[in-house]
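One structure below.
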């Protein structure tokens with residue numbers, strides 16, 4: 001296998017840590033004095049400076065110094081964790097403990113090894129996009145002989161120089177780790193196999209150098225091309241060196257004396273190598289003088305990151321060995337290593353990966369549905385589709401029933417208008433109907449549902465039909481107009497005058513006179529385009545639609561005829577413009593002179609196209625239609641303001657209505673997972689002013705529609721995008737994550753602390769920014785939090801700097817039109833019932 005490194009090597013010093021253990025029981029019993037003290041996190045001090053013959057420095061500084069009470073977890077987290085985790089990124093690394101006997105080397109390395117391997121496994125579990133392989137091996141050097149700790153035969157192994165891997169141990173056992181329990185089992189085997197013995201200084205003294213190696217290899221799980229098919233391979237070594245000792249202190253003899261000689265000789269060679277490396281590689285460095293230095297050669301100034309933990313005893317009896325350890329540490333911190341990322345990009349590895357991919361594809365081609373699980377999945381999918389089809393058929397049948405019912409009710413309503421015409425000078429002809437003329441049943445395909453004073457009816461195939469309060473009568477009754485006028489009762493006249501707002505007695509006389517003048521030309525009422533510009537045309541005073549009867553239409557969506565002729569002779573200064581209605585099918589009539597489906601005055605019609613599903617109304621298109629309706633209603637209201645009656649509504653009740661609607665919108669925002677930026681703009685722009693009624697109503701109906709769609713498991717179409725409850729929740733999560741990144745950019749440190757305090761976030765907690773954005777707009781019932789949330793989001797998105805540009809976000813102009821700016825405060829609530 002061909003191994004290459006990244007062209008740029010990272011050059012760094014060896015990390016040197018010093019750990020000073022407390023006095024043990026034997027030293028305390030012997031009344032030993034502690035001559036060493038850690039004065040800060042980087043410096044250790046020798047306190048007995050008055051001792052004779054002391055020519056050593058009294059203070060030593062290193063990367064990190066740990067007192068006796070510091071746990072092994074802190075030593076790992078602060079010092080060696082970063083180096084140990086380099087192995088999963090393709091960088092070789094080594095961690096070893098150096099020190100005198102009974103100073104705590106084995107105790108320290110046991111904890112470091114377990115913590116590091118646990119973090120390596122956590123990293124592997126969190127990065128499932130790559131395939132990892134972890135191999136475990138362990139050896140010991142006992143009396144200059146290499147033994148395999150995973151083998152019980154005790155055979156001595158040989159060292160071999162490999163051109164690719166460097167110095168390797170022949171026939172060393174490598175176990176592929178399965179899980180954490182497997183690792184614990186192997187570590188217990190190594191502990192049992194290692195040579196230990198009892199001396200006067202330590203009851204369990206390590207008599208050999210132990211080296212545990214983890215080799216981590218990772219590659220992408222999917223083939224992403226030759227350039228991306230790289231494999232990373234690196235090793236991490238955990239080395240527990242035997243402690244240096246004096247024979248006079250250890251009182252060793254025989255086997256223990258021989259072991260101590262080999263240990264001291266290998267440690268002396270290691271110290272010589274470290275001292276020469278600290279001087280900049282001047283002269284020959286003989287790594288081959290000891291098997292220990294030969295194995296550690298890559299770790300000492302080579303392709304690896306290295307950390308050395310020097311363990312010390314504070315006892316006065318060990319002061320000379322402690323100073324020797326500190327001198328070794330001072331030389332080690334000057335040694336430089338050049339670690340590289342080991343990337344395997346050989347043609348063999350690429351060929352092997354391509355062969356595996358080819359074999360997998362061939363297997364899928366041979367057995368596309370051979371497994372029982374695949375057949376079961378296919379059968380399950382077919383059953384699900386059948387159930388969906390049956391459900392949709394039932395829904396279609398129900399929608400057709402609702403369409404037929406709505407059409408029949410519409411026909412009955414038109415007949416009622418035709419047969420209940422009453423006449424009086426100055427009063428228009430219209431049917432005896434109430435504000436709510438149908439029982440509230442609305443087609444499920446309707447885009448907006450409103451059961452209060454206005455209703456939307458859909459035939460299931462055409463666009464939703466909006467019936468405004470209009471004053472209509474049949475043109476077939478024009479000839480009998482003079483006969484009907486005298487016979488109309490006064491009671492009925494008064495009732496109709498109460499229903500039609502702002503009709504005065506003077507206007508009634510004027511309308512009656514105009515009606516008498518135009519009665520001689522009833523054909524103008526039926527004209528669709530001939531007299532559109534004439535001064536005597538009735539269409540110039542009343543903007544209405546001429547419809548044909550349902551029996552003569554060309555499509556199922558054509559409405560009945562005889563609806564659109566308004567009352568005649570209204571004065572020019574008080575013209576009323578009604579919103580035009582357009583249907584999905586072309587309206588035709590065999591006996592008509594020209595197309596009667598167009599507006600007689602050329603007024604633009606409100607088009608409400610269907611969504612992609614055919615049954616979902618586009619909210620944006622509907623809002624554009626409401627904008628046009630609002631303009632025309634403004635003209636009506638402007639005319640009414642010039643001397644007409646208004647119902648007096650108390651300001652307190654209007655304020656309560658606004659607060660109720662706003663609270664309902666806040667709760668629907670939370671239910672439908674609406675964007676936080678959308679909530680902020682809407683909350684800050686609409687304060688209950690006179691022109692806000694339109695947008696409050698539109699937003700409320702939009703949210704009700706989305707809530708109903710989500711509760712039934714359906715999709716909602718908004719802005720050309722299909723929304724579901726899951727997708728809206730996902731978009732809201734993405735938006736919160738984006739806002740969390742802006743917190744550090746928009747607010748200073750003091751501002752962030754103040755905001756965290758407002759939202760109850762602890763200053764010393766983690767991921768405070770993410771906690772903050774998760775708290776924004778989280779409680780719609782707490783108006784204080786709502787205002788604070790709007791303020792924070794507005795500052796994050798710089799709402800004040802964007803000005804009027806952001807007032808187009810709903811497809812409407814948020815600035816009130818000129819005809820609304822002169823009206824009384826709170827008058828928007830009065831005009832709401834007449835807008836839809």
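These residue numbers are counts, starting from 1, taken along the chain as shown.
From the backbone N, Cα and C atoms, a Cβ is placed for every residue, glycine too.
Segment annotation: Swiss-Prot labels region 'Disordered' over residues 588-611 (candidates 516-539, 540-563, 564-587, 588-611). Looking up the ranges 344-382, 383-421, 422-460 in Swiss-Prot, the one annotated as region 'Disordered' turns out to be 422-460. Residue 100 (ATP binding site) falls within a strand when secondary structure is assigned with DSSP. Apart from 99, 100, 101, 102, 103, 104, 105, 106, the residues listed for ATP, the same chain places the Cβ atoms of 97, 202, 243, 311, 313 within 8 Å of the centroid of those Cβ atoms.
Listed in sequence order, 243, 244, 245, 311, 312, 313, 318, 321, 322, 324, 325 are the same-chain residues six or more apart from residue 100 (ATP binding site) with CB atoms under 8 A from its CB. Looking at 105, 707, the recorded positions in this record, the fewest other C-beta atoms within 10 angstroms of the C-beta turn up around 707. Burial estimate for the binding-site residues (99, 104): highest at 99, by number of other CB atoms within 10 Å. Counting in whole angstrom, residue 101 (ATP binding site) lies 73 from residue 707 (ubiquitin cross-link) by their C-alpha atoms. Sequence-distant neighbours of residue 106 (ATP binding site) (same chain, 6+ apart, CB under 8 A from its CB) are 97, 204, 206, 240.
Cβ environment of residue 102 (ATP binding site): 24, 201, 202, 205, 243, 313 lie under 8 Å away, each six or more residues apart in the same chain. Residue 103 (ATP binding site) and residue 707 (ubiquitin cross-link) have their C-alpha atoms 69 Å apart, to the nearest angstrom.
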